Amino acid sequence: MRIILLGPPGAGKGTQAKLISEKFSIPHISTGDIFRANIKEKTPLGIEAKRYIDNGQLVPDEVTIGIVKDRLTKDDCDNGFLLDGFPRTVAQAEALDEFLKGINKELDVALLIKVPEEFILERMTGRRVCTSCGASYHIRFNPPKIEGKCDICDNELIQRKDDTEATVKERLEVYSKQTYPLINYYKDNGIISEVNGTESINEVFGNISNILGRDK
């Protein structure tokens, strides 16, 4: 089974990807992980990607596509894969389809985890992390016993820069601009399936499992 996972930042894609990977015995392929692995191994594509990242630039499509293609040729992808973080644009989606067609394969489903913006804002801006031990909390869903203090080591809890309202809104705007055309692309291809990401982890995964069971 070959799956694309779509959804806004904070939609719980990482959690669901892990569950899908385990249940269906397919590798969870995150573009971030691929970049880090290639940079660490100093592959030609990794060296090129690092050059852009070090200069604060977006890695061009041709480099990203090259790294993803290389990963998809590994033996563990023979029976399928779950792609997370790629494609991000229609151009990348078209390149992926062309590559798969060249090896007589195609995507089975593009899974979209739908979560309203206000829900994402509450989920992400409410996150707090301990400055000492790294324990995670949420001011509403998983609050510490004493406000602003870690239950484990009693050190200060902070909000990460990535979780400020301004940063979250900016990330959502980028996601919206990039991903809506991508959603329409997969709708036109007839392979998109949507799940409600505001439900519990188990409920979301149950719905995903039902969809993937139908598409097997």
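Including glycine, each Cβ sits where the backbone N, Cα and C put it.
The following features are taken from Swiss-Prot:
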- G10, A11, G12, K13, G14, T15, R127, S136, Y137, E199: ATP binding site (BINDING)
- 30-59: region 'NMP' (REGION)
- T31, R36, Q57, L58, V59, G85, F86, P87, R88, Q92, R160, R171: AMP binding site (BINDING)
- 126-163: region 'LID' (REGION)
- C130, C133, C150, C153: Zn(2+) binding site (BINDING)
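Sequence features, as recorded in Swiss-Prot, placed on the structure.
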residue	record	Cβ within 10 Å
G10	ATP binding site	22
G12	ATP binding site	18
G14	ATP binding site	13
Q57	AMP binding site	9
V59	AMP binding site	18
F86	AMP binding site	22
C130	Zn(2+) binding site	20
C133	Zn(2+) binding site	12
Y137	ATP binding site	20
R160	AMP binding site	12
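Nearest in space to C130 (Zn(2+) binding site), taking C-alpha to C-alpha distance over the binding-site residues G10, T31, F86, R88, Y137, is Y137. For the binding-site residues listed here (C150, C153), the lowest count of other CB atoms within 10 A around the CB belongs to C153. Under the DSSP three-state reduction, G14 (ATP binding site) is assigned to helix. Applying an 8 A CB threshold to same-chain residues 6+ apart, the list for T31 (AMP binding site) reads T64, I67, V68, L83, D84, G85, F86.
Across the structure, R160 (AMP binding site) and Y137 (ATP binding site) are spaced 12 Å apart at their Cα atoms. R88 (AMP binding site) sits 16 Å from G14 (ATP binding site), taking the Cα positions as reference. Secondary structure from DSSP puts T31 (AMP binding site) in a helix.
Around the Cβ of R127 (ATP binding site), the number of neighbouring Cβ atoms within 10 Å comes to 19. Each of T131, S132, G134, A135, D151, I152, D154, N155, L157 belongs to the same chain as C130, C133, C150, C153, is absent from that list, and has a C-beta within 8 angstroms of the C-beta centroid marking the Zn(2+) site. For G14 (ATP binding site), the nearest neighbour among the listed binding-site residues (C133, C150, C153), judged by C-alpha distance, is C133. Taking the C-alpha atom of Q57 (AMP binding site) as reference, the shortest distance to any of the binding-site residues G10, G12, Y137, C150 belongs to G10.
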